[in-house]
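Colleague: Got a structure here, written out as structure tokens. Questions coming.
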Amino acid sequence: MTHPNSISRPVSAETVEQALALKQITSPDKAALRRQLLQNRRASDASARLDWDRRIASHLQQWCAQEQPRSLGVYWPIQAEPDLLGLYPALAEAGIQLALPVVQAKDAPLTFVQWTPGDAMEKDGYGIPIPLARDTAIWPDALLIPCVGFTAGKFRLGYGGGYYDRTLAIKPAGLAVKTIGIAYQCGLAEFDGEPHDVALDMLITEAGCQR
């Protein structure tokens, strides 16, 4: 996969217009909203998504260079999520310890397992690649959390499984873990949060970083 720093192809005016469109989708029904956002994401132009992925990767790489996290919880993209796999080797080479989430059980929190690009992998029960060696779990300094949708206030709409919510709920007291939502700008929506919802610390889309 191409390294983000090696890409110099200009972004077309049409792609920029698509990427920066801030049309908000509103729905009181989160399940219906989730379906609509997923449908829109899958239907988006593949070449446009490649441009968006490169821009998101560039924003994330700049943030890592500035903030220098020692460790970073990343994700393996599914269902047309932003694909940052091409950036991960550069982050590892920069000295950042990466970790991938592992589902232990349907209603359990995630476990983040140390991972280096090139490590042996296998697929979990959902068909998602996870490290074959899973004996070293960590709490990363920051988590990349893929979003189906998000609000202007940095609240996240996920797939409805509650994995990240349960994981953050058991974070040790006093441990700072920065939550970074990763999404395409077309995921901007309007929905009511639940009483227990906590806003993300930061969002990165192709349009930039929202702190």
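Any Cβ shown, glycine's included, is placed from N, Cα and C.
All annotation found in TrEMBL is predicted automatically rather than curated by experts.
Sharing the features that TrEMBL gives for it:
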type	residues	note
BINDING	K30, A31, A32, L33, R34, R156, L157, G158, Y159, G160, G161, G162, Y163, Y164	ATP binding site
BINDING	E81	substrate binding site
Colleague: Out of A32, L157, which of these binding-site residues shows the lowest number of other CB atoms within 10 Å of its CB?
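Modeller: So among A32, L157, the binding-site residues given, the one with the fewest Cβ atoms within 10 Å is A32.
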Colleague: Near G161 (ATP binding site), which residues of its chain come within a Cβ-Cβ distance under 8 Å, counting only those 6 or more away in sequence?
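Modeller: Within the chain, G161 (ATP binding site) has Cβ neighbours under 8 Å at K106.
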Colleague: Which of Y159, Y163 has the fewest nearby Cβ atoms, counting only those within 10 Å, among these binding-site residues?
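Modeller: Each of the binding-site residues Y159, Y163 was scored; lowest Cβ tally within 10 Å is Y159.
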Colleague: In terms of DSSP three-state secondary structure, what is the assignment for the residue listed as 'substrate binding site'?
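Modeller: Once the DSSP labels are grouped into three classes, the residue listed as 'substrate binding site' ends up as coil.
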Colleague: Three-state secondary structure of Y163 (ATP binding site) from DSSP?
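Modeller: It is helical.
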Colleague: Over all shown protein chains, what is the count of other CB atoms within 10 A of the CB belonging to K30 (ATP binding site)?
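Modeller: A count of 17.
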Colleague: If you measure R34 (ATP binding site) to E81 (substrate binding site) at Cα, how many Å is it?
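Modeller: If we compare the Cα positions of R34 (ATP binding site) and E81 (substrate binding site), the gap is 13 Å.
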Colleague: Largest pairwise Cα distance, Å, within the listed ATP binders K30, A31, A32, L33, R34, R156, L157, G158, Y159, G160, G161, G162, Y163, Y164?
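Modeller: Max Cα-Cα spread across the ATP binders: 21 Å.
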Colleague: Using C-alpha atoms only, work out the spacing between the residue listed as 'substrate binding site' and K30 (ATP binding site) and round it to an integer in Å.
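Modeller: Rounded to the nearest whole number, the Cα-Cα distance is 19 Å.
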